[in-house]
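S.K.: Here's a structure for you.
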Amino acid sequence: MNINKGQGSFAFGHAPLLIASHPNMAAYLSRLHHISLHVLNAEKIANDLVSKFKFNLFAARLTDTSRQLALRKGAAVFVVNERPDRKGLNEVRNAPASYPHRILVGKHAGGHQSRCLYDISPSSSVDTVSNVCFEVEDVERSFDALRDLGCNFLVPPTTVEDGNGRVTYSVLKSVVGNVCHTLIDRTNYKGAFLPGFDVLQKDCSLGEDDKSCPITHFDHITYACPRQTTQQVMRWYEHLFGFQRFFIDSNEDVDEGFVINQEGIGLRLTAMEYWKCSKAGITLPSLNKKEPDCKFVIAESLPEQGRNQVDTFLEKHRAPGIQHIGLYTKDIVSTSQIMAEAGVQFFSPPFAYYTEVGKQHEIEEAGHNPQILAQHGILLDTNLHQESSPQSRENRRYLLQVFTKPIFAEDTFFLELIERRGATGFGEGNIRALWRSVQAHMENEKLDYKEAGSPEAAAQTVQ
């Protein structure tokens with residue numbers, strides 16, 4: 001494999017210069033295929049996703065040097081990779097220089113002992129979510145176009161084959177910390193997942209999921225980024241993948257994004273989406289085909305209100321990265337109840353949230369019981385700039401959200417449940433309450449930020 005040393009990379013501070021003369025995107029994304037986690041103990045995280053979050057373990061790749069477990073809930077697929085020790089981190093970078101590389105897997109191929117297929121092992125000392133995999137129509141064309149724009153590829157076009165056909169993929173480094181993107185073409189593959197994986201549940205179709213916990217797909221992915229880097233990240237994704245700006249709030253400033261800078265919260269959120277620019281369009285299932293299936297949100301802290309969880313993430317993760325992922329559910333009350341009974345812990349918003357003037361009436365008008373929402377820590381927001389004309393309860397647009405507590409020991413990643421009833425954005429009231437609940441958790445834990453961010457403390461955490 002050729003790692004293309006000498007090609008320009010899109011590190012912070014360089015992307016605008018490299019992409020300014022290329023108005024058209026280089027890669028056409030057709031759908032989000034899966035998201036990869038790299039953890040010290042894959043079995044534990046996979047077990048939590050199955051027993052607590054009700055995902056199904058449907059495929060696995062186990063070799064002497066790797067452990068990759070694929071879990072699915074609806075169209076949301078996580079691949080949990082067991083991250084190696086430091087000795088194996090340079091495996092991909094020392095590969096042969098020719099491409100495309102071809103790998104034959106299966107019982108007659110002698111197996112393939114590469115440490116990590118369809119991904120790379122990040123040089124991280126903490127558990128991390130570091131790869132968002134997209135399906136594309138032509139991996140080699142995308143590779144050539146993106147490389148010409150200066151993209152840093154960690155894995156060139158590589159074809160993996162078994163008895164069900166072939167899949168071609170490549171891996172490129174994004175502009176955000178340790179986040180990578182695998183570009184994959186599986187149009188010539190008839191298997192249930194990917195070559196090299198043993199399928200454990202052949203008939204694990206989308207329609208067979210537990211109806212009491214109806215998660216259907218990834219709703220959004222949130223990056224935690226350093227201050228003053230949002231515009232650079234936006235430009236990178238716009239020019240390379242055709243992402244477009246999505247306005248969280250109708251009054252949002254084009255340049256400043258959605259800003260909350262009061263009452264102890266200093267936060268800037270800017271969102272983008274890719275469905276409008278895709279040649280084939282998104283094919284993930286959605287309640288409303290006109291809506292995008294997954295948004296990308298960039299979060300950065302503002303200094304005026306002191307430290308917050310974005311700063312803490314950057315310190316403990318030691319780089320920008322994926323802070324949380326929103327899981328879309330058709331019934332957030334049922335889903336959160338099932339998960340809580342299974343051991344999932346949720347953040348509780350400030351008690352004052354449910355006693356705010358008009359909040360109880362707002363919840364009841366949306367057809368929900370305030371006590372039940374409070375019991376599960378679920379937030380509801382209808383303040384989404386509704387049209388001035390009166391709306392019936394059935395046509396009223398709102399959304400419900402709740403955050404889980406971190407699922408990694410290092411507090412570097414958590415999940416969110418979200419249910420949308422006609423609402424495509426994010427409610428300001430919910431954002432305030434959600435982020436304040438995370439902040440309160442950190443303060444209650446009395447984290448020693450300086451000690452937690454030191455290499456010595458991190459080493460003790462993972463031992």
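Cβ coordinates are placed from backbone N, Cα and C, and glycine is handled just like the others.
Worth saying up front: this structure is predicted, and the values here are computed from it rather than measured.
The following feature annotations were taken from TrEMBL:
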type	residues	note
BINDING	HIS220, HIS324, GLU416	Fe cation binding site
DOMAIN	31-186	domain 'VOC'
DOMAIN	217-376	domain 'VOC'
S.K.: Inside 10 Å of the Cβ of HIS220 (Fe cation binding site), count up the other Cβ atoms and send me the figure.
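M.R.: Here the count is 21.
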S.K.: Ranked by the number of other Cβ atoms within 10 Å of their own Cβ, which of the binding-site residues HIS324, GLU416 ranks first?
M.R.: HIS324
S.K.: Would you list the other residues of this chain near Fe cation - those whose C-beta lies within 8 angstroms of the C-beta centroid of HIS220, HIS324, GLU416 - in sequence order?
M.R.: ASP219, ILE221, THR222, VAL297, ILE325, GLY326, LEU327, PHE403, LEU415, ILE418
S.K.: On average, what pLDDT score does this prediction assign to the domain 'VOC' (31-186)?
M.R.: 85
